[in-house]
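Taking it in order: structure first as structure tokens, then the write-up.
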Amino acid sequence: MSLFRTYVRVLSYLNQEKNAFLLICTANITLAIITIAEPILFGHVIDTIADKSDTLVTLAVWMCFGISNIIAYVLVARGADRLAHRCRLTVLEKSFARIISMPLIWHQQRGTSHALHTLLRATDSMSSIWLEFMRQHLSTFVALFVLVPVTFKMNWRLSIVLMVLAILYILIARLVMQKTKNGQAAVEHYHHNLFKHITDSISNVSIVQSYNRITEETSALHQHTNNLLSAQTPVLNWWALASGLNRMASTISIVCVLLLGAFFVIKGQLSVGEVVTFVGFSQLMIGRLDQISGFINLAVSSQAKLQEFFDMEDSTFQTNEPANLPSLPNVKGAIQFHHVTYEFPNSSQGVFDISFEVKAGQTVAIVGPTGAGKTTLINLLQRVYDPTVGYISIDGININSINRESLRKALATVFQDAGLFDRTIRDNISIGKTGATDEELYEATKTASAHDFILKKSKNYDTLVGERGSQLSGGERQRLAIARAILKNAPILILDEATSALDVETEIRVKNAIDCISQNRTTFIIAHRLSTIRNADLVLFLDQGRLIEKGSFQELINKDGHFYKLLKAGGLTINQPATKEKDDNIIPLRKAMAL
């Protein structure tokens with residue numbers, strides 16, 4: 001995207017405040033035209049002083065004009081500031097809403113810190129450009145457009161000096177733009193790396209301290225800053241050179257105007273006041289050209305980060321689901337995978353040709369070694385990803401034909417990572433049901449064995465849990481996540497290692513609660529706990545993304561296959577599979593432990 005197109009697209013965001021924007025633009029144009037009269041009035045003041053005629057009246061008019069111009073500029077600047085800040089926050093809100101609604105794969109490809117950094121830096125740059133446009137850029141272009149014919153009308157020979165000055169500014173700016181384009185893109189790249197390293201280190205500060213990595217992480221940050229400075233220094237050098245060349249050109253131009261003006265005064269072709277007026281025009285043009293140079297500097301330095309932001313924005317629009325998709329009607333919970341395949345981009349991992357059927361109200365245990373595709377399967381059900389081949393149906397309806405919001409209303413998920421916000425306990429649980437009453441909240445926490453420990457906290461349900469629940473133990477975080485799912489009361493329940501962080505006693509209580517809420521609702525469980533697997537209506541064994549075995553717990557034991565070997569590898573002593581001569585469905589265990 002060219003610099004001009006980037007600039008136009010930035011300004012297009014002001015359409016959301018069109019009336020206020022047009023009013024400020026109109027006022028700015030008027031001010032730009034009126035400003036040109038100031039040097040003319042000042043020239044008249046000089047002539048009246050020289051002629052000793054009506055000096056006070058002319059001087060008073062000039063002073064009133066100048067004061068009015070200042071007041072008008074302050075009012076326009078105040079309106080521009082308010083409009084720019086409103087638009088910045090609006091863009092931030094809308095972009096944030098689109099970003100957090102994007103599929104998980106979108107975030108995995110970009111990284112959280114990259115999306116955050118791009119959003120914040122771009123909105124700051126856009127706000128700066130809006131302010132500069134409404135304060136200076138528009139008035140500068142208008143003033144130059146009006147100034148050129150006015151100066152030529154006064155004295156075309158002196159005007160040529162100003163035109164040469166303008167051409168020099170343009171050539172210098174063009175040269176610097178060409179020299180710094182690639183360098184500015186590199187600067188933005190190193191800015192992202194710097195921000196990513198800081199975010200990564202702080203978010204893992206416990207690991208940094210535990211492994212005494214403070215010196216190493218600081219050294220790595222120092223390397224990032226050196227890379228940034230190495231890329232930024234040549235860019236800054238070019239703009240410093242441009243500033244010096246512009247200043248030299250403007251000084252030479254003023255000297256030329258004064259010398260030529262003095263020559264014409266001696267010849268009697270110009271008055272002293274007219275020369276002063278022309279010097280005022282020269283200074284006005286130099287000021288406007290400096291503003292254009294500053295604008296080009298701002299636009300060039302912002303282009304890389306704005307381009308990244310626009311690419312990110314465009315990707316959110318491209319990935320959004322079609323509008324007006326129907327909602328999922330009353331959900332019973334019958335689920336079927338129809339030859340579902342999903343392969344991660346640039347990877348051989350995924351799930352392949354998965355087919356199975358779950359009746360409404362059944363409990364399904366998904367087991368298999370690490371990386372088998374268990375969580376991917378659940379993510380496909382939640383439409384975190386969409387299958388590349390095949391489809392998934394709920395109650396006979398293809399979930400790709402319904403909107404994601406209604407689908408996710410039918411699902412309550414407890415992740416292995418509890419996923420708590422830096423808010424109060426009440427706020428975190430209430431995510432399950434907006435507007436839930438205290439009675440509903442307390443019932444959910446009691447069922448999840450969380451109510452008692454919450455009451456022991458300093459502010460009970462109004463206790464802040466810290467970033468990602470850092471003020472709570474692992475078991476406490478998990479119980480809050482379970483309470484949140486219980487409160488949602490969705491017809492389909494998904495438990496991703498939901499009891500992995502609980503002690504034995506609490507696990508028994510929570511398991512009883514899960515058994516209770518699993519009644520009459522379809523439940524998917526990713527777990528290695530033997531008790532959960534044994535009670536499942538259907539066990540799915542995955543390996544390398546493929547469904548290797550499926551059936552009830554006892555059916556898979558009798559097969560003496562992968563599932564049976566997984567149990568034995570987990571340290572469980574299991575009787576040999578049942579034979580025709582012996583029908584024994586009891587599996588004695590040496591110890592009751594998780595796989």
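Placed from the backbone N, Cα and C atoms, the Cβ positions cover glycine too.
Among the features that Swiss-Prot reports, transmembrane segment is placed at 21-41, 56-76, 129-149, 158-178, 252-272, with the record citing sequence analysis. Per Swiss-Prot, domain 'ABC transmembrane type-1' is recorded for 21-301. The annotation domain 'ABC transporter' is assigned in Swiss-Prot to 335-569 on the grounds of sequence analysis. Residues or ranges marked as ATP binding site by Swiss-Prot on the basis of sequence analysis: GLY368, PRO369, THR370, GLY371, ALA372, GLY373, LYS374, THR375.
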In the predicted model, what is the mean pLDDT computed over the domain 'ABC transporter' (335-569)? 84
In sequence order, what residues of the same chain, 6+ apart, have a Cβ less than 8 Å from the Cβ of LYS374 (ATP binding site)? ILE366, VAL367, GLY368, ILE526, LEU542
Could you tell me which of these binding-site residues, THR370, THR375, has the greatest number of Cβ atoms within 10 Å of its own Cβ? THR375
Near GLY371 (ATP binding site), which residues of its chain come within a Cβ-Cβ distance under 8 Å, counting only those 6 or more away in sequence? GLN349, GLN544
In the same chain, outside GLY368, PRO369, THR370, GLY371, ALA372, GLY373, LYS374, THR375, whose C-beta lies within 8 angstroms of the Cβ mean position for the ATP site? LEU542, ASP543
What's the most sparsely packed of the binding-site residues PRO369, GLY373, counting other C-beta atoms within 10 A? PRO369
Where GLY373 (ATP binding site) falls in three-state DSSP terms: coil
Are there any residues at least 6 positions away along the chain from ALA372 (ATP binding site) with a Cβ closer than 8 Å to its Cβ? List them or say none. LEU542, ASP543, GLN544, GLY545
